Amino acid sequence: MRFRPGWQRGLIELRQSFTNPAELTSHFLWPVLMLIALFFLRHRDFGSTGLLLGALALPSILGMNAAMGMVSMSQLLTADRADGTLLRAKAIPNGMVCYLIGKLVSVAGGLLVDLAILLIPGLIIVDGIALGSAHWFTLVWVLLLGLVATLPIGAVLGSLLTTARSQGLIQLPMLALIAISGIFYPITALPGWLQFIGQLTPIYWMGLGMRSALLPSDAVTVELANSWRHLETAAVLGIWAVAGLLLAPAVLRRTARHESGSKLTDRREQALRRVT
Amino acid sequence: MRYGDTEVLHDVSFDAGAGEVIALLGPNGAGKSTTIEILEGFRLRSAGRVEVLGVDPAAGDERWRSRVGIVLQSWRDHGNWRVRELLHHLGSYYAPYATPWPADELLDAVGLAAQAKQKIRTLSGGQRRRLDVAIGIVGRPDILFLDEPTAGFDPEARYEFHELVRGLAVDQGTTILLTTHDLDEARKLAHRILVLAAGRIIASGTASQLIAAADVGSLEDAYLALVRQEHR
C-alpha cells in the first residue's frame with residue numbers, strides 16, 4: 001500500500017516514453033538499425049563453426065542492449081537530481097523508495113519492449129535459432145534476473161556521479177566491460193585475466209544466458225568449460241541483484257540528503273548563466 | 001548552525017501555533033532559507049533544539065513527513081507529466097496517512113483548472129509556481145513552508161495566492177511559515193513578522209508593533225531602519 005505509488009509512477013513514465021515523439025524514436029532507432037544489419041548478415045557463416053553469423057549476433061545484441069539499461073538508469077538518475085525531481089520525492093512521504101521503484105519499473109519495462117521490437121522480427125530474419133518452450137523459459141528468467149541485477153547498480157552509479165559530463169565518461173568503461181564480456185567475441189579467446197574480470201560482471205552472465213536460450217546446443221563449444229553454466233548464472237546474477245537492491249536505496253538516500261531548495265536554486269542560476 | 005567555521009545562524013528562537021502565519025523577512029544571505037531547510041528536515045543543524053509538530057525534523061519519519069507541506073521552487077522537473085496527472089499522483093502518497101485533496105478541487109483553488117491536461121513544461125512561470133503550491137498542500141499538511149512563494153507573480157496571481165494562504169490558515173488551521181522580500185505581502189498575510197539579519201532574529205511582532213517600535217511611518221521604513229542598524 002505504502003509503495004503502490006512507486007509502481008504507478010513507473011507505469012505512467014513508461015506510457016509517457018511511448019507517447020512522446022523524441023523518446024519513441026529512440027525506442028525504435030537502434031532496434032531497427034540492428035535489424036537491418038542482421039538482415040544483411042543472415043546468410044554469412046562464422047568461421048569454421050558452421051554457425052550463422054546472424055544467429056550468433058542476435059543474442060549478443062540483446063545482451064548488450066540489456067546491459068546498456070544500467071547506463072540509462074544511471075543517466076536518468078543524474079538528470080532527475082539536477083532538475084529537482086529527486087528533491088520533490090524527498091518532500092513527500094515514502095517518496096524516495098517510490099521514486100526508485102518507479103524508475104526500476106519504467107526502465108525495465110521500456111527495455112523489455114525494446115528487446116521485443118528487436119527479437120520478434122530478428123527471429124524471422126535469422127535462421128539457425130530454435131526457440132522451444134524451454135528456451136523461452138531460460139530467456140525470460142535470465143532477462144528478468146539480469147535486469148534486477150543491473151538496474152539497481154545503475155541507480156547507484158547515477159547517485160554517485162553528479163554531473164552530465166561524468167555520465168559521458170561512464171560509457172567508456174561500460175563499453176570496455178561489454179567488450180570483454182563474451183557478448184561480441186567468445187570469452188575463451190581472451191587471456192585468462194580478462195576472462196576472470198569478465199566473469200565478475202553481470203553483463204557476461206546475461207550474455208551467456210541469452211546465448212544458451214537462443215543458440216543451438218553445439219554452440220556451447222566456444223564457452224568456458226563447454227557449458228552454459230545455468231546454476232552459476234543464477235548465482236552470480238542473484239548476488240548482484242541482492243547487493244544492488246540493498247545498496248541502491250541507501251546510496252540514493254545519502255545523495256538526497258544533500259539536496260535542498262537552495263542547492264537547486266544555485267544550479268538553476270548556474271544553468272541560466274551558462275545560457276546567457 | 002555552522003558551515004565549517006562560519007556560523008550562519010546563531011540566535012533564531014521562535015515558536016508558532018496552529019493556524020498562525022509567520023513571515024520571515026531579511027536581506028539575502030541572512031539565513032532565511034537555511035532556517036526553513038532545517039525546519040523542513042532537509043538540512044542538519046549543528047546545535048540547538050528544533051521541534052516541528054512535536055518531532056525533531058532530523059528524525060522525522062514518513063508519518064511526520066506526510067503532515068509537513070513544502071512548496072519547492074520548481075524549475076523543470078516532471079516536464080512530461082500533465083498537471084492533473086502529477087497532482088493526483090503525488091496526492092496518492094498521502095493516502096495511507098490522510099485523505100489527500102482531490103486534484104480537481106485543488107486545481108480550482110489555485111486557478112489551474114484550465115491547464116489540468118496541459119504538459120507541465122508548457123506552463124508559464126507563474127502557473128508552475130501555483131502548481132508548486134498545490135503540490136505542497138495536496139496532503140492537507142498541518143504545517144506549510146513556503147520559500148519566496150510569490151517571486152515572479154503578477155498582481156492578480158499574487159492576490160489570488162494571498163486569498164489561498166489565508167483560507168488555509170483560517171479554514172484548515174494550517175500553520176504557515178513563509179519567507180519573502182515583499183513587505184506588503186508580509187503585512188497582509190502574516191500574524192507575526194520575524195526579521196532575520198546575519199543569522200539572528202533582530203525583531204519580531206505584528207507589522208504595527210514593528211512600525212511603532214521603530215517610530216516610523218511604514219513597515220518598509222521600520223524594516224530598513226532595523227536592517228541598517230544591523231549593518232552598522
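Using the three backbone atoms N, Cα and C, a Cβ is placed for every residue, glycine included.
TrEMBL labels come from automatic prediction, so no person has curated them.
What TrEMBL annotates here:
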type	residues	note
TRANSMEM	A:21-41	transmembrane segment
DOMAIN	A:22-255	domain 'ABC transmembrane type-2'
TRANSMEM	A:53-77	transmembrane segment
TRANSMEM	A:97-124	transmembrane segment
TRANSMEM	A:136-162	transmembrane segment
TRANSMEM	A:174-196	transmembrane segment
TRANSMEM	A:234-252	transmembrane segment
Stretch among A:21-41, A:53-77, A:97-124, A:174-196 sharing the most Cβ pairs under 8 Å with the transmembrane segment (A:234-252): A:97-124
Contact call for the transmembrane segment (A:136-162) and the transmembrane segment (A:174-196): at least 3 Cβ pairs under 8 Å, seq gap 6+: no
Candidates A:53-77, A:97-124, A:174-196; stretch with most C-beta pairs under 8 Å toward the transmembrane segment (A:21-41): A:97-124
